[in-house]
Amino acid sequence: MAISKLHLVLFLLSVFLSLHRPVLSNTDGENLLFTVFNQYRESVNLTNLKKNKNAECLADEVVDQLQNQPCTNTTGSASVPGTDPGIPNFPNLLAKCRLNTNVTRDGLILQVCAPKHHSTPDLSSFANVLTKNLNDSKFTGAGVGIDSDGIWLVTVLTTNTPGGSYSNSGAFAFGVNGLVSSSLMFLHVLSHNSLSLFS
């Protein structure tokens, strides 16, 4: 009997979240999960996702924020690209990773928790959303975050478009640093010209 790809992903996620807690470090778990994502994409003839450091930063920040929230069987969600992901303090989390909404609006943030007392958590709804989006060729990169207790998992999917690249925005950098630098340079030139006028 053939096993469906959805069941394969569901099984792998269940095993991963059930077994990794006492054995794997967060980094090992994130790397393993990333490998599972790419094996799945290869099985449906899609290119591998590339690791995106900024998406990983954001996933880690979201996980840190979720870490103290209670986890139930129904906890978890997926953002809709182009909308506010509904994560408290989201603008602050973006700023910590030197990102802004212009470079994240086409991406997707998936979050799920697996209660510690469940040996095989029910991840079917998360697996359905994850599988649907892993099948989407517009997603080209990812970042994964897992909390230190192994309860929360956040996956950030990125695109290769300006609106979903999760790249450190040059406009953002110029917006703050460039404005200050330009203002200081303008004041310097103005003061230099003022001094030469009075000499």
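Cβ atoms here come from the backbone N, Cα and C positions, even for glycine.
Note that the structure is predicted; figures quoted are calculated from it, not measured.
If you look up Swiss-Prot, you'll see 1-25 marked as signal peptide.
In this structure, N45 (N-linked glycosylation site) belongs to neither helix nor strand by DSSP; it is coil. For N45 (N-linked glycosylation site), the number of other Cβ atoms no farther than 10 Å from its own Cβ, over all displayed protein chains, is 7. For N45 (among others), the entry in Swiss-Prot reads N-linked glycosylation site, with the evidence type sequence analysis.
Per Swiss-Prot, the feature N-linked glycosylation site maps to N73 (among others).
The N-linked glycosylation site annotation in Swiss-Prot covers N102 (among others). Look at N102 (N-linked glycosylation site): DSSP puts it in a helix. Within 10 Å of the C-beta of N102 (N-linked glycosylation site) there are 13 other C-beta atoms, taking all protein chains into account.
Residues or ranges marked as N-linked glycosylation site by Swiss-Prot: N135 (among others). A 10 Å cutoff on Cβ-Cβ distances gives N135 (N-linked glycosylation site) a total of 14 other Cβ atoms nearby, all chains included.
Among the features that Swiss-Prot reports, GPI-anchor amidated serine is placed at S169, with the record citing sequence analysis.
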